[in-house]
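Swiss-Prot annotations:
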| type | residues | note |
| --- | --- | --- |
| BINDING | GLY171, ASP172, ARG173, GLN174, THR175, GLY176, LYS177, THR178 | ATP binding site |
| SITE | SER364 | site 'Required for activity' |
Amino acid sequence: MSISIRPDEISSIIQQQIEQYDQEVKVANVGTVLQVGDGIARIYGLEKAMAGELLEFEDGTVGIAQNLEEDNVGAVLMGEGREIQEGSTVTATGRIAQIGVGEALIGRVVDALGRAIDGKGDIKASESRLIESPAPGIIARRSVHEPMQTGITAIDSMIPIGRGQRELIIGDRQTGKTAIAIDTIINQKGEDVVCVYVAIGQKASTVANVVQTLQEKGAMDYTVVVAAGASEPATLQFLAPYTGATIAEYFMYKGKATLVIYDDLSKQAQAYRQMSLLLRRPPGREAYPGDVFYIHSRLLERAAKLSDELGKGSMTALPIIETQAGDVSAYIPTNVISITDGQIFLSSDLFNAGIRPAVNPGISVSRVGSAAQTKAMKKVAGKIKLELAQFDDLQAFAQFASDLDKATQDQLARGQRLRELLKQSQNQPLSVAEQVAILYAGINGYLDDIPVDKVTTFTKGLRDYLKSGVNPYFQDVQSKKALGDDEEKALKAALEDYKKTFKATA
C-alpha cells in the first residue's frame, strides 16, 4: 500500500511548528579580563560599554567602567575581587550605578551602595535613584533665605548658614571639625530636617562613636549614616558622598529640608587619585588627576534651595576638608573653597589655647548666610565680629605696649569676655533665644564687671534662669525669632534681676 504524501498538509504542520517555536534569544555585551589587581581590571571586548556602566564579573563582583580606551576598558572594582581570574568573562549590565531610597533609610547605617551594615536587616526601598544625578538648574532654585541653625553661638552669630547653602568646615586634624557637624545634626531635633552623615575613609571605631552619640541624643530618628570605612575599596570611598547626596535628594524633592555632612572630602579626593593613577590617567598638581575639581563641583552643586513650584525642599551641604599645618592654599582646599558659599576655618592654635569651638572669625566667612539669619540674631550679632577682630589686633599690639589708655584697656577687657562667652561645650547646642541673650549681655556691657573666669558660669546660669519661664522673653523670641522693643525690655529686666542674684551668691 503506497503512502500518498500531501505537500500542503506537511507545509501547514511545519508552519504551525514555526509559529509555536519560541526560543528566547539574549544579546549580551560580554568581555574578557586581560589583567586584574589593586582594585582595577582591564577588559577586552565590551565594545558597547557606557562610561560609568556597571559590569558583572564571573564571581559576582561588580565593577564600574571608567576608562573606555581603544583596545580595552578600564574598570574599578566595588569589592575585593579575589576570585576574578585572567581570561574570565565580564558582562555589561546596561545599568548605571543606582541605589534604593525611601523613608526606610532613616535611622539606618548603610554602605556606599545603600546596603544596610547595622545588622538590623535589609532596607525596603520605595524607589531607585541614580547615584550620579544632575544638579538642579537655575530656574529650579531660589535664593537662600531660611536659617539652618547649628546651635553653636560663634557660627550662628558671625558665620550664619542658610538652608540650601554649601558651607565648608576646614582645619587641621583634631581641631573639632566633626564635632561642629555632629552638633549641627543634634540641633535639628524637632526642626523636621532629614540629616545624612557621610563618613569617608574613617576608622570603624570613629563611625561607631558618631552613631552612638547620635543615638544617645535622639538624633538617629531623623538621620541616615553612610559609611565607607578605611578598609573599604577606594571605589566605595569615592562613591559614598554621591550616595549621601542621592539619599538627601530623594527627601529634598519631596519638599523636605535636608542636611548632608561629607566627612571628609580630602579622603574622597585621595581615593579618586588612587583610582586614577591605577587606571594610568595622567597626573597633575599634587598627583591628582585633571578632573579632581569636577568630582567635588558636581557633588556640591547638587545642594540647593528649590523653588516653590518644586516643593520648597532644600539640601544644605557641610563638606569637611582636612588641611596640613593650616595650609589652605593646597590644591584640594582651594578647590573646595572656590566651590562653596563660604568656610568655617578652625585654628589649631585657638583649639590648643582652650577656645572651643576653635573658629577663627578673621578667615571664616559666609557669603550668602546673612540673608537667612534670624532678625533677633542680626540685631545683636552685627557688632560682634568687628569687636573680636579689633580685640585680636589690640591684643597683638598690647604685648609690646607698656601703658595703655583706659579706652584700650576697656576694649581688651570686653574682647576677653566676648571670646569667653563664645566658648561652648561639645554636643550642647543652644537655642536662638539663649544665643541672643548671651550675645546681648556681652555687647551691651552686662559682663564688663564680671571676672573673666566667671563668664561661663554667668552665661550658663542666665540661660537656666531664662528657660525657667520667670520672664516672658524666652518663649517670645523662640516663637517670633525677632527681638522687638517688648522682648528687649523683658531681656534687660531679666539680665538685671539675674545679675543681682549672681553677684549676691558669687
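Keep in mind that glycine also has a Cβ here, set from the backbone N, Cα and C atoms.
Where Swiss-Prot records a feature, it is marked here on the structure.
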residue : record                       : DSSP class
GLY171  : ATP binding site             : strand
GLY176  : ATP binding site             : coil
SER364  : site 'Required for activity' : coil
Quiz question: given the binding-site residues ARG173, LYS177, which has the greatest number of C-beta atoms lying within 10 angstroms of its own C-beta?
LYS177
For a quick check of understanding: among the recorded positions GLN174, SER364, which residue's Cβ has the most other Cβ atoms within 10 Å?
SER364
Between the binding-site residues THR175, THR178, where is the Cβ count within 10 Å the lowest?
THR178
Sorry to bug you, but what's the C-alpha spacing from GLY171 (ATP binding site) to SER364 (site 'Required for activity'), rounded to the closest Å?
11
Can you give me the residues near the recorded ATP site, meaning same chain, not GLY171, ASP172, ARG173, GLN174, THR175, GLY176, LYS177, THR178 themselves, Cβ no more than 8 Å from the center of the site's Cβ atoms?
GLU322, LEU346, SER348, PHE351, ALA358
What is the number of other Cβ atoms found within 10 Å of the Cβ of ASP172 (ATP binding site)?
18
